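Participant: Annotation source TrEMBL lists domain 'Cation-transporting P-type ATPase N-terminal' at 15-88. Annotated transmembrane segment per TrEMBL: 61-85, 91-108, 257-277, 283-308, 799-817, 837-855, 875-892, 898-922, in sequence order.
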Amino acid sequence: MEEKVQIAKENMDEKIFKLTTKDVYKKLNTREEGLTLQEVQANREKYGKNAITEKKGKPAILVLMSNFVSLMALLLWAGGIIAIVADMVELGVAIFLVNIINGVFSFWQEHRAGKATEALKKMLPSYARVIRDNQEQQILAEDLVPGDIMLVEEGDKISADARVIASSDLQVNQSTLTGESNPVRKTHDPIMRDGLSKSETPNLIFTGSSVASGTAKAVVVSIGMETEFGKIANLTQTMKEELSPLQKELNLLTKQISMIALSMGIIFFITAIFFVKEPIAEAFIFSLGMVVAFIPEGLLPTVTLSLAMAVQRMAKENALVKRLSAVETLGCTTVICSDKTGTLTQNEMTVNNLWLPGKELKVTGLGYAPVGKILYENKELYAENDEDLKILLTAASLCSNARIVPPNDESDRYTVLGDPTEACLGVVAQKAGIDTINQINLTPRIRELPFDSRRKRMSTIHNLSTPIGGCERIAYIKGAPKEVLELCTSINKNGDKQELSDSQRNEIMEANDRYARNGLRVLAVAYRHLTKECNLPKSLSSYTPELIEQDMTFVGLVVMADPPRPEVKDAVELCHRAKIRIIMITGDYGLTAESIAKRIGIVESNHPRIVSGVELEKMSDDDLKKVLKDEVIFARVAPEQKYRIVCNLQELGHIVAVTGDGVNDSPALKKADIGVAMGISGTDVAKEAADMILTDDNFASIVKAIEEGRAVYSNIRKFLLYILNSNTPEAVPSAAFLLSKGNIPLPLTVMQILAIDLGTDMLPALGLGAELPEKGVMEKPPRSRTEILMNKKTVIKAFLWYGLLESVIAMGAYFFVNILNGWPNVPLASSGIVYKQATTMTLASIVFCQIGAVLNCRTENESVFKIGIVANKKIVTGIVFEVLLISAIIYIPFLQNIFNTVAIGFKEWIYLIVLPFPILLLEEGRKAISRKLSRVKKVNDKRLVI
Ligand code: ATP
């Protein structure tokens, strides 16, 4: 380790920024072709892995202990001690055990939930592009070693500290190191000045920063903990997760319920002492039981667990959720702002048409295989026979960074490395008979003005092997037709350069609109000879877009199809039913966007409002809000404008999910309630800013995730309802005892209450957290943010409906045993076997009622028979455990002593076994009525609308 640090220090300290590229290579034992495999291995052994080692969090034992010192736990410790002092050793031990089990259980669940998210984070490895063995390769960022030649471009996260040796327009965001969020310019030239801090050195780039624009080649200097970022990480590894709204709500809920419990305890304590004249110690134990009965001990960990389970289910559906609490926010989403290319469409581009002045050509063949023909009036056309076609396709394919990969071991089809929009240009060039590799060698690229969603175009500058008219360099440009045409002053026709007339401009835009109306994506292509008269500066890095992109010659249009994803139409319909609006925000042309939006059902009106980026710029926030109330498509917008749209939607009260993939999307992704980054096409920066990452870039996966989000919230409510159900029947027997001044001997003891709350109720409740989304969950409007978990409906249902029902049944069971033994002719048994049988029956009745209740709680209004009464295996297991536990409490002598129970007879068992059915059937009846009422309401609503 010491040695490693030393080497890393040497690398940086020997003023690597002063060296020429050749000397940098020499210093790091590397070369232009990159390291060889053996060198990589040797360096890995020497320097280790490129990883930031995480400092261990709080020791597990401390986390475990923290579960034993909460207010409630302390109260229970005190209660246990008092019980032992008052000679109720069993109760004391039971309370201690409860406390310990509860603490360990909470710890285990938190730990498990934490592990689940940790594992998910690991599923997102970052990659780096390097040159090794003279080949460009994609490797895991953790496999980088000093000496590696690293390639970075806009949107990439930088994974090691490195010295830049070649760059084009490079700007880097170093906010993780410096806190300064404005990108800084970087270059590859040696820096001779001393006294600059490392982050200020213009030819050094650092781990953790991201490329805001441009491209670069850099030699890795230090990795892992030896990097500047590693040093900071070493000092500060204390990221604290903020509590989500749900966690806050749950904390509040637990406090509220604890207060209710405490108040109940105090009331019972006072009544027991003054009204029934119980001894103080007994009254205390008795009221402590009440407190314990009312507190939902397992609520918080169970919620975390059900969120974690949802996260795992979502991961299977291609949605990686980075923050647990995002799951719940997803459930409230009211608007999804989605981009088009790749999310709603397949991003599998195929060129269908080419447009040249005076000629429209058809292109056959599908996908990326270079198999197909270029047809003009049904006759095959090759580049070598048509100068215009040759210029168009040469320019288009040279002004591109994508590579086509022939079928190989990994895929039996032609695939693409890079942007599909660019890849299809190479394919169509090959279809026209152009040898694209040869072209690259003949006209090597010397500079790139990278694609930028704001400029909507990209240019490349090449050296010409044979100068044309004294020109040694040429610039090619491709991009959105409107943007490219604005830069053109001439047009290429039959190999000749002519002045571009207004009527020609109109003709080109008409052709563009015609294609766009059919949902096709159009790119315009142009070139410019860079003559000596241009006074072009010597240094290539001073070739700026402003300097190069002017006075261009228009060549033609390339028209490509990007069909909608097949599953998107259904997902859009589902959103409409769930009252979730979808707003398309795209960089593409309005008519293309409108056509696709109509095809997949995002817009229903014939003439939806299309707001362009330029229009949006001029619009006031008030006007924007008005526009947002109706159907609208945002087209030709820059990613930065998404941020404004999100802000305005939020001001209108919406919960907004936004998709994005570029660097400039990150403000909108951060601002949104749910930022959704694209896993395939997304940049690291976007992924970092997002709350959720779609591994398949697919819109339908967002909708699936929203469905899960809604299910999670309703599962938590189901769980809450279930555990609150048993509170009333637990309190009523004690109330009966107190109010009758002891004439009704206590039907349910404290130990028995604990047996329900911390024993029999627990596992079935956990099963509810794993319920799958209910069928109608996407038929309802989104939940309002102000809605609370313990709403009026839940309180009424838990405390009055189930509470009273179970109380009647439990008290009924108590009297049932007494009736079997001669009551009312003999007084209610207050001790002996009959009393024990009666209390055993009160306890067992509540347990059996809860079996019916847990099945009921699985759905809100749907019949449980319809969704399969035993479909949730976790609940079935829970019920089996519940029955085994209560049988053990009733029959095992040791437990009988603790819980004050005795064996019960055949008639009693019949009573118990029947119990779940009335609970189940009564609730099924209520659900049927509720379903009917909502159907009637729907019909009436429809009539009203008509
Ligand atoms: P969305 O925002 O829905 O994903 P998009 O991909 O069309 O749609 P941008 O990536 O912002 O949005 O692109 C804006 C416009 O720039 C495109 O409509 C296209 O005309 C042009 N364009 C896209 N990719 C390139 C590229 N690689 N080179 C040149 N121009 C491009």
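The backbone N, Cα and C atoms fix where each Cβ goes, and this holds for glycine too.
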Participant: Taking the transmembrane segment (799-817) as the reference, which of 61-85, 257-277, 875-892, 898-922 gives the largest number of Cβ pairs under 8 angstroms?
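Facilitator: Maximum Cβ contact count belongs to 898-922.
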Participant: So which residues does the transmembrane segment (875-892) touch in its own chain, when a touch means Cβ under 8 Å and the partner is 6 or more beyond its ends?
Facilitator: 755, 759-768, 840, 843-844, 847, 850-851, 854-855, 858, 899, 901-904
Participant: DSSP says what for the domain 'Cation-transporting P-type ATPase N-terminal' (15-88): how many helix, strand, coil residues?
Facilitator: 43 helix, 1 strand, 30 coil
Participant: Over the domain 'Cation-transporting P-type ATPase N-terminal' (15-88), work out the mean pLDDT and round it to an integer.
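Facilitator: Value for the domain 'Cation-transporting P-type ATPase N-terminal' (15-88), mean pLDDT as a whole number: 81.
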